[in-house]
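A short worksheet on the structure shown next.
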Amino acid sequence: MNDQGIKESIETLKEQIRKYDYHYYVLDEPLVPDAEYDRCFKALQQYEEQYPQFLSPDSPTQRVSGTPSDAFMPVAHKQPMLSLSNVFTIDELKAFIKRAIEKLDEPNQQLVFACEPKLDGLAVNMTYEGGILTHAATRGDGAVGENITANIKTIASVPLRLRVSNPPKLIEVRGEVYIPKADFEAYNARARELGEKTFANPRNAAAGSLRQLNPEISASRPLAIYCYSIGACEDYKLPNSHLEQLNLLKEFGFRVSPETRRAIGVEGCLDYYQYMLAKRNQLPFEIDGVVYKIDSISLQQQLGYVSRAPRFACAHKFPATEEMTRLIAVDFQVGRTGAVTPVARLEPVSVGGVTVSNATLHNFDEITRKDIRIGDTVIIRRAGDVIPEVVSVILEKRPINARKIELPKNCPVCGSEVVREADEAIARCIGGLYCKAQLKRMMWHFASRKAMYIEGLGSVLIDQLVDEGIVHHLADLYELDLQTLANLPRMGEKSAKNLLSALEKSKKTTFNRFLYALGIREIGEAGARVLAEHYCDVESLKSATIEELMTLNDIGPVAASHVVHFFAQAHNLEVIDRLLELGIHWPKPEKIQVNQQNPFFGKTVVLTGTLSAMGREEAKAKLLALGAKVSGSVSSKTDYVIAGSEAGSKLIKATELGVAIIEEDEFLKWVNS
C-alpha cells in the first residue's frame, strides 16, 4: 500500500472511532460492541506506530498522553472570558432587566431570555482551528488562563475534532467541567478507604483534577462537561440566537445542558428559577443558581459590557448551602447499634433558607482529621435533605480557649461503658437493649416499611412506650392491649385499635424481612435476602459458622462474624423465640428454578433513570428472580446498566467505563419471556 492509501486508511479509522465515541459518550447510543471498537482502536494505534508521519494531534489515540511540557503555561483568550454579575432577589432581577431595557431604549420591549442551570464547576475555554482542538485553558483572569489542553482531552465527551464537514476557521467553545454528585461521593469514599486525600466538594474535585501535571490522573477522575457559549468565531456565520447557537454546539459534537429553557420577561425567568430550585436536589450535578442571557445576539452586542461583566446576562444565585458559624458545644447521640455519634451545637445560622443550629460531626476520625474544636469558627454545609455537616475549620479565627472534643467514657443515655475498637472509626455503647436510645432506634427499625411494616408505630409513640416502661424489648410490642394503648396521651381507642390491627397484620411476613428487622450489624436488605434464601429458618441459621457464611454471595468476614455473634447471644435468642411464640411466621420458600441461560444470571446490574413499565422495586425484584445481583452504584465490576428515561450520572459513568447499556425495551423482553 502506498503512502496515500495508508493515509486514507488512517483517516477512515479515525473517522469511524470519532463516530463511535460521539454516539457512545454524547448520545448514549453505542453503535458497535466493545470488541469492534477495540479492534478499530488497536488498528489505528498500529498504523500510527508504523507510520508516525501520519500521527496527528486530533487522533483519538492522543486523548491521554504524558505530562505536557507546556503544563499551565499562560494562554490568551481570543475573546475575553468574563464573569457574570449576580442577583439574589426578585427586586435585583427586575432592576437588572429594567437597566437592559433602558439601555436598549425600547421601554415596551418584552425581552426573550435563554435560561440555563449555573453549574458549580470550573469554566474552561476550548479553541478549535480548522475543526481540530488545538488548546484549552481555564478562565484565569478573563483575558489569560492556564493551559490544560492535555487534561481536557481526557474527558471522553470533548470532541477532538468538530463533527461538521465545514468547520469555522477558528472557534472558542466555553463550558463548565464538573464531577457528578454520585461519582464525587464514590470517589471520596474510595479515597477514605485508601487513606488518601478527599475533596471538600465536587467543584474543588473538578478543579483539582484538571490542574494535574500528569493527564493520566485527570483521566482517572470522573470528569464531565456541559458547554454553554461560543467566544471568538472566524469565517463562520453564527445564528443570531443564543439558544440556536447551543443547538449548533450540539451539532458540532458537544454536550449541552438538557435543562436549558426559553423564557419571556421577569415572570418567565422567575418561573424557571423556581423550577430549577425545586429540581436542584434531583439533578445529578451541583448547581448554585441559574443564568439568564438575552437570547438575541444582536441585542447582546448593543448592550455590551460594564466593568468585567456583560450587561445582557446575569446569574440568579440560590440561597447558600454553606455558611460560617461558631461551634459552641458537642452532644452525643446513640444509634440502633450503639454507635455514639458526635453532634455539633452551633450558633444558629440560615443555610439555604433554613435555620441550622445542629450539624453532624460523623465520627472521631473525622473530628481528628479536620481538627475541630469547641469554640471554633466552622463552615457548615446543608444540601437538600442531607443532614447539615461541619465541613472545615477556619483556623485563623480559632480562639485561645478552644477545647478539644473528648470521647465520653460512658453512654450519655444509659451510663454503660463506651468502647472503640482499634480498627473502627465509630465508638459504641455496650448497653444493648438495656440502653433506651438503642431500644427506641431498634423498635423504629423493626417497624419500618422494609422490615415488619407496622403501620402507625412512629417515633413519638415509641418514645412513649419506652419512657413509660411499657415496652422493654421487641416482643413486648405484640403483647400490647387496647386499654394500655388507649390510655396513652393523644392515642384514643380508634388509634389503639388501628395499631393492634397493624401489629396482627405484620405477623405474616417473610424470613428475609424478619432477619432484616432484627437489625443484625452489617446485614442490610440484600444480606438478609441472601441468608434467607440459603437457610430458610432460624434453627439452621443460628448454627452457621463464619466459614460457612463467607461462602455466600455478599457475606464477607465482618458481616459473617456479626451474624454468628448475634445468634450466640442468649438474650437475642430469647427475643426471637418469644416473637415466634407470639405468632410471627412466614411461608416456607419454594425452590424456584432459574434459567441460568438468561443474560442476567450471576451478573451485577445497576438500574438508573425512570422505567415506564414498572417501578424501581419491581424491576429489582425481577432481576433478583433472574439470579442477578442488583447494585446501587456503577463500577468496573458492573456488568450491565439498565437505563430508563432521565438517566443521570450513573449512565455517564457507565459509558465512560465501557459498561454495557440495556434499554428498557430489551430488559422487558427478558423479564416477560
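Every residue gets a Cβ built from N, Cα and C, even glycine.
These come from Swiss-Prot:
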| type | residues | note |
| --- | --- | --- |
| BINDING | Asp34, Ala35, Glu36, Tyr37, Asp38, Ser83, Leu84, Glu116, Arg139, Glu176, Lys293, Lys317 | NAD(+) binding site |
| ACT_SITE | Lys118 | active site, N6-AMP-lysine intermediate |
| BINDING | Cys411, Cys414, Cys429, Cys435 | Zn(2+) binding site |
| DOMAIN | 595-673 | domain 'BRCT' |
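Annotated pair Lys118 (active site, N6-AMP-lysine intermediate) and Cys411 (Zn(2+) binding site), C-alpha to C-alpha distance, rounded: 46 Å. For the recorded Zn(2+) site, residues Cys411, Cys414, Cys429, Cys435 set the reference point as the centre of their Cβ atoms, and the other residues of that chain within 8 Å of it by Cβ are Val334, Gly338, Asn410, Pro412, Val413, Gly415, Ser416, Val418, Ile430, Gly431, Tyr434, Lys436, Ala437, Gln438. When the alpha carbons of Leu84 (NAD(+) binding site) and Cys414 (Zn(2+) binding site) are compared, the span between them is 56 angstrom. Within the group of binding-site residues (Leu84, Cys411, Cys429, Cys435), the Cβ with the highest number of other Cβ atoms inside 10 Å belongs to Cys429. Counted within 10 Å of its Cβ, the other Cβ atoms near Lys118 (active site, N6-AMP-lysine intermediate) come to 21, all protein chains included. If you draw a 10 Å sphere around the CB of Lys293 (NAD(+) binding site), it holds 20 other CB atoms from the protein chains shown.
Ranked by Cα separation from Arg139 (NAD(+) binding site), the binding-site residues Cys414, Cys429, Cys435 are led by Cys429. According to DSSP, Cys411 (Zn(2+) binding site) sits in a coil region rather than a helix or strand. For Cys411 (Zn(2+) binding site) paired with Lys293 (NAD(+) binding site), the C-alpha to C-alpha distance reads 57 Å.
Just so you know, the Cβ of Arg139 (NAD(+) binding site) picks up 19 other Cβ atoms within 10 Å once every protein chain is counted. Under DSSP, residues within the domain 'BRCT' (595-673) fall into helix, strand and coil as 27 helix, 18 strand, 34 coil. Between the C-alpha atoms of Lys293 (NAD(+) binding site) and Cys429 (Zn(2+) binding site), the distance comes to 57 Å. Taking all protein chains in view, 18 other C-beta atoms sit within 10 angstroms of the C-beta of Cys414 (Zn(2+) binding site).
Look at Lys293 (NAD(+) binding site): DSSP puts it in a strand.
Within the model, the domain 'BRCT' (595-673) carries an average pLDDT of 79.
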